[in-house]
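Worksheet: one structure, shown below.
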Amino acid sequence: MNFDLKTLELAAAAAEKCDLLLVLIPEGFTPGQDALSTLAALALKNGDLLLKAGKHLQLYQVPAVAARRVILLGVGDGTARAVRQALLALGAEIKKPQTKRLVLCFAAALKAGVASAAVQAVAEASYVYTTTKSKAEARSLSRCVLGVPDAAGARPGFDCGVALVAGVEFAREWSNRPANHATPSLLADAAKTLGRLPHIQCKVHGPAQVRRLGMGAFVAVARGSEQPLRFIELRYSAAAKDQAPIVLVGKGITFDSGGISIKPAPEMDEMKFDMCGAASVLGVFRALGELQPAINVLGLIPACENLPDGRAIKPGDVVTSMSGQTIEILNTDAEGRLILCDALTYAARFKPAAVIDIATLTGACVVALAGVRSGLFANDDDLAVSLYEAGEAALDPCWRMPLDDDYADGLKSHFADMGNTAGRSGGAITAAKFLQKFVAGMRWAHLDIAGIAYKSGPAKGATGRPVGLLVHYLLAQAEAMAQQAPVAPAAPAAPAAPAARPAAKRTGRSQGGLKRTAP
């Protein structure tokens with residue numbers, strides 16, 4: 001699908017030839033004298049249109065309007081959140097087969113984040129998964145035009161939104177694929193395709209290399225599957241070489257049966273989504289390739305299956321992690337933290353500015369936060385605030401959870417340095433406390449996305465979250481780093497003329513000012 005941005009007032013929008021013209025009208029709308037304004041004013045006066053977000057009035061073959069259909073759409077207070085809500089409420093109309101060309105016309109100036117939110121909402125509403133269907137109907141919408149009062153002012157947000165659509169849909173695609181179509185090897189192949197984008201390189205480690213690295217916990221989880229593990233390493237390098245990278249670590253369990261501690265059969269099919277953390281890292285890199293911010297980012301994805309087999313780990317087994325710490329496997333279904341702990345240890349060698357792991361880690365987080373917010377755990381307050389603010393800006397929110405030391409008491413083991421689970425109570429927190437044992441000396445955050453990575457029921461499928469949160473965080477960090485870049489010294493002043501001589505005539509020489517240089 002193609003997105004276009006243009007300056008378009010309501011008067012000119014009437015001449016736009018399209019299958020569907022959406023006129024987005026906020027509260028406090030002041031109508032003009034054009035056909036669409038008159039139409040909206042009459043609908044409001046007669047009570048046929050309300051401006052609460054999502055309320056709408058659909059019209060056909062409107063005189064003096066070129067569009068086949070017109071929908072007057074209320075967008076409430078006109079904020080990014082309200083615009084997103086309104087467009088998603090109209091998803092069925094956007095997704096109709098006859099809607100191939102869509103024009104969105106904003107009846108008032110855009111508020112912060114609206115252009116990006118609108119692009120993403122249209123993409124989400126029209127998304128169709130087709131990869132493993134023999135006769136699937138592909139997305140019918142081929143072009144969407146955003147008509148705004150000031151295209152130049154909306155351009156940065158629009159471009160960010162288009163890049164986020166690319167990243168989110170890449171993540172959704174790989175999350176939605178069945179496990180036999182998204183094995184660790186296939187996931188690694190997907191990562192390699194990202195290496196074609198600007199500033200991105202990809203390296204894939206196989207089982208022998210992972211064993212040589214000493215990733216005993218990761219190797220132990222993968223033993224029960226015939227599919228070989230993969231450790232994926234993505235690098236986005238667009239800043240100075242000496243700038244410390246931000247590391248993203250994504251959990252890549254491409255199917256989680258629970259292992260010997262096997263899960264109940266109902267809804268086990270959804271355990272293909274246990275690699276949504278990995279998919280979100282891939283999605284972030286896809287977006288970075290479009291946006292090309294001046295920052296260094298490293299993506300690490302430990303990918304494997306968790307299956308029962310004669311070689312699989314058993315409850316009571318003790319394994320040695322890459323850090324040298326030993327772990328008693330009390331529950332083989334607490335496997336995500338085992339592959340993450342080795343990846344976190346590996347991340348330390350890059351001396352990162354921050355490390356963020358992303359994982360569908362615990363059902364306890366779903367109980368705590370449902371499908372609204374990711375669970376955020378962090379050992380650094382500034383990092384936690386930055387991620388929270390990024391989530392709010394991206395409409396991809398998270399909520400900080402506690403990390404009191406007392407929560408780690410349940411991880412004590414009689415036979416190893418720690419157990420891999422501490423029971424049901426506070427399960428999301430104790431899982432984070434386990435990971436915290438492997439991030440000494442690093443600024444670290446953990447996003448538990450078990451509740452927000454995918455949906456069950458009639459709308460079953462991956463959401464692509466938290467790609468938006470992570471990209472907004474990285475863009476904010478790139479901007480902050482650019483502002484902190486060293487200031488070039490001013491050119492030395494010309495020597496003063498000798499006092500005995502007459503003053504020289506002043507020329508039109510330009511004077512060099514202070515110049516900020518990007519890292």
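Cβ atoms here come from the backbone N, Cα and C positions, even for glycine.
Listed features, source Swiss-Prot:
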BINDING   K251, D256, D274, E335  Mn(2+) 2 binding site
BINDING   D256, D333, E335  Mn(2+) 1 binding site
ACT_SITE  K263  active site
ACT_SITE  R337  active site
COMPBIAS  487-502  compositional bias 'Low complexity'
REGION    487-519  region 'Disordered'
Query: From the centroid of the CB atoms of D256, D333, E335, the recorded Mn(2+) 1 site, which same-chain residues not already listed sit within 8 A by their CB, in sequence order?
result: V221, I253, S257, G258, G259, S261, K263, D274, N306, T332, A334, G336
Query: K251 (Mn(2+) 2 binding site): which of the recorded positions K263, D333, R337 is the nearest Cα neighbour?
result: R337
Query: Near D256 (Mn(2+) 2 binding site), which residues of its chain come within a Cβ-Cβ distance under 8 Å, counting only those 6 or more away in sequence?
result: K263, M271, D274, E305, N306, D333, E335, G336
K251, D256, D274, E335 excluded, remaining Cβ within 8 Å of their centroid (Mn(2+) 2): G252, I253, M271, M275, N306, G336, I339, A359, T360
Message: I want to verify one value. Collapsing DSSP to three states, which class is R337 (active site)?
response: helix
Message: Applying a 10 Å Cβ distance cut-off over all chains shown, what neighbour count does D274 (Mn(2+) 2 binding site) have?
response: 27
- prompt: Which residue, of the binding-site residues D333, E335, has its CB surrounded by the fewest other CB atoms within 10 A?
  reply: D333
Field: Reduced DSSP assignment, K251 (Mn(2+) 2 binding site)
entry: coil
- line: Counting other C-beta atoms within 10 angstroms, the emptiest spot among the recorded positions K251, K263, R337 is K263
Field: Where K263 (active site) sits in the secondary structure, as DSSP reduces it to three classes
entry: coil
Message: Helix, strand or coil for D274 (Mn(2+) 2 binding site)? Use DSSP.
response: helix
